[in-house]
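Following: one structure in structure tokens, then a few remarks.
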Amino acid sequence: MSRAPARNGAAPRRPGDEDDICPVCKSSRYLNPSMRFLVNPECYHKMCESCVDRIFSHGPAPCPVAGCARTLRKARFRRQTFEDLHIEREVDIRRRVAGVFNKREEEFESLRDWNNYLEEVENLTWNLLQGVDVKETEKKLDAYKRQNEQEIKQNAAIESQENANTEAQFAAQREQARLRREAARNEELDERREKEEGRREMVDMMARGDGDADTIARETQKVVLKKSTARRTAAERSRQQAAAKVDNGAAAPLFSIQGLKRVVQPAPEKEYDPFGGYVIKHEYYYLRDHYEHSWLDNARSDAQITAGGYDVREYCARAMMEAFGGLGVFVEDEIREREEMADKGVGTASAAAAGGGGGEGVDGDVL
């Protein structure tokens, strides 16, 4: 069964067109395709542009939608950006909150403080989106705005400057790309023109009879090649000069970024010390650089021994340390000092017991 054509030349009605009906005058886009809808961020009720002009042209007036008594102004009506009004409202609320809580990460002492700040801002935003404690949340928002008005303005100016720098950087990149395309196109045109001029010159020389055809062709090809090489060298030199200007800071305002953290270079790692800083002093012997011994000479020259990293000097140093490690340790002196401390009553309990009695007997002898 064929569908009846639409009357008055209007477009066929599609599913979802019920949302394109003005809630005030009940006009439909089905009958008036040029009708535009506007929304007010105060209540996000959609109405046609004719109703806005008719109701709010003489000043503020309450919202004509049934059940809404908020006062609206014509200057705040705007076209809808998103199809879903809930998304439209959420974007506006997040933009308004972000305009007040616009602190930057480098202002905080630690990452945890920064994350706590973001969580608090998200809690306030969520309350406004869900309608939870709206009055209390608005009070906190206004109080924070009054207390930090100067900081908010400074951060807003920094963000605006960063956006301007980023936009200028993109514009400079687009301009450079355009200049490269134009230079490549001009180079191609110049190359074609030189080839055409060389061909005409070759034909003229052959017509005048200045030489045979092969000689004239070779000479003409050499001339064209020299011109092409000179042109490419000049173009490459100009590109290098432009790049040098950028490196020297001539174009720094286009690529400057403010608010970045200072990069702290890590300290170089210290050489690994297996002794943890303890220095072994050779008080009783002197370590030579070379010791004469048949086995040591064989160890120095045998690839099977040295391939694994074996060092004869380390072996000699360990052997000397083990040989002289007991020097300077006098056991008798240590025993005598221990006995003297036990006699004076300042030794350990075991030393006191070995001296001839318990702790109480020793104390009695001393007293």
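Heads up, the Cβ atoms here are built off N, Cα and C, so glycines get one too.
Annotations in TrEMBL come from automatic prediction, not curation.
Features as listed in TrEMBL:
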type     : residues : note
COMPBIAS : 157-166  : compositional bias 'Polar residues'
COMPBIAS : 175-199  : compositional bias 'Basic and acidic residues'
COMPBIAS : 344-353  : compositional bias 'Low complexity'
DOMAIN   : 22-65    : domain 'RING-type'
REGION   : 157-199  : region 'Disordered'
REGION   : 225-245  : region 'Disordered'
REGION   : 341-367  : region 'Disordered'
Counting each residue once, how many in the domain 'RING-type' (22-65) are helix, strand and coil under DSSP?
8 helix, 9 strand, 27 coil
For the domain 'RING-type' (22-65), what's the mean pLDDT in this predicted model?
88
